[in-house]
Ligand SMILES: O=C(O)[C@H](O)[C@@H](O)[C@@H](O)[C@H](O)CO
Ligand SMILES: [Mg+2]
């Protein structure tokens, strides 16, 4: 079997799907994308084509290493997202050829169902209580929200209190009948992270995500010494070589690689195994589309340390497109009592509605995250 064609489809709300065709008619789908940089990743995928056309899609490891090493320069959000989507599609092809879901090719199920969580609130978390109530009726009991608005490198007690009060309201409304993670989203600089963590301690969030920016990872062990709140990160780290340094330095309790940013299934399986050796839990990041989620779930169901899975149904980013819009086997993505079952159809387990994808790609928006500014006019971390 040989790879004969790669086609990318940028689709609403902000995703990109990749179709890899073979000379024997087997097709694989991937989701190579960086939110807000879809066109850049699209070009990176196109630049990877010479390594792939005419090659045997079964040789995923060799193709992965070639895409990673042959161009001399390596790593980073764009190249690793391009490799990620291609890798996903190659695993999809392999599973379809062998008539098995990817998790069967990786040693079979380690669990029978996977715990899912849902975003609540938006960029500026508000009306969270009602949103949680609604989602609880749908079976969720675990949530994630932005932990704060934009925050200055040194900010006021009032700003800290505003963030903490929201969390206090949630605990007052729901007690410990729910769990929630707080995503600092990189908005909190090192001087404020310790302050905010201390004030949040009494409310026992399930985790705090990206407590500081990924480029400040050396603070993870220092912050972990000051709090019992589990610290989580990973969506802005792109290879096992980056994760290696963070695991070795310590401080992370939960690692959140993104299956569409960190090299795909092949790379994230290695990251998951490395994390397990350090007793670090796995909670793949996935605010993206159905192929990205399917790839996450294939890794979750073979990774002992997988504890939570993000999914984007109802997320505040999904304007103009929802997770299941491009999926034919929607029923397989049902979340019951906050859990998903394994996707057991061959390959990644997602059947793409290609006609819908092609139609939606005709006028895909170029999504961009907003540019926030502090009161003094300087750019703020969004
Ligand atoms: O945890 C999450 O889902 C992420 O922080 C998410 O909010 C961002 O990755 C966003 O998709 C960037 O455009
Ligand atoms: Mg996040």
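Yeah, the Cβs are placed from backbone N, Cα and C, and that goes for glycine too.
Fair warning: this is a prediction, and the values are worked out from it, not measured in the lab.
According to TrEMBL, the feature domain 'Mandelate racemase/muconate lactonizing enzyme C-terminal' maps to 125-230. On the 0 to 100 pLDDT scale, the model's mean across the domain 'Mandelate racemase/muconate lactonizing enzyme C-terminal' (125-230) is 95.
Sequence-distant contacts of residue 209 (Mg(2+) binding site), defined by Cβ-Cβ distance under 8 angstroms and a gap of at least six in the same chain, are 144, 147, 181, 182, 183, 184, 185, 232, 233, 254, 256. Residues or ranges marked as Mg(2+) binding site in TrEMBL: 183, 209, 235.
Residues or ranges marked as active site, proton donor/acceptor by TrEMBL: 185 (among others). Residue 185 (active site, proton donor/acceptor) falls within neither a helix nor a strand when secondary structure is assigned with DSSP, and so counts as coil. Counting every protein chain shown, the number of other Cβ atoms lying within 10 Å of the Cβ of residue 185 (active site, proton donor/acceptor) is 18.
If you look up TrEMBL, you'll see 258 marked as site 'Increases basicity of active site His'. DSSP gives residue 258 (site 'Increases basicity of active site His') a strand state. Every protein chain considered, the tally of other Cβ atoms within 10 Å of the Cβ of residue 258 (site 'Increases basicity of active site His') stands at 29.
Here TrEMBL flags 285 (among others) as active site, proton donor/acceptor. All protein chains shown were included, and the count of other CB atoms within 10 Å of the CB of residue 285 (active site, proton donor/acceptor) stands at 25.
Around the Cβ of residue 310 (site 'Transition state stabilizer'), a 10 Å sphere holds 25 further Cβ atoms from the protein chains shown. Marked as site 'Transition state stabilizer' by TrEMBL: 310.
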Within the domain 'Mandelate racemase/muconate lactonizing enzyme C-terminal' (125-230), residues counted as helix, strand or coil by DSSP
51 helix, 13 strand, 42 coil
Non-site residues, in chain order, whose CB comes within 8 A of the mean position of the CB atoms of 183, 209, 235 at Mg(2+)
144, 181, 184, 185, 210, 232, 233, 256, 285
At the level of the C-alpha atoms, what whole-angstrom distance separates residue 310 (site 'Transition state stabilizer') and residue 258 (site 'Increases basicity of active site His')?
10
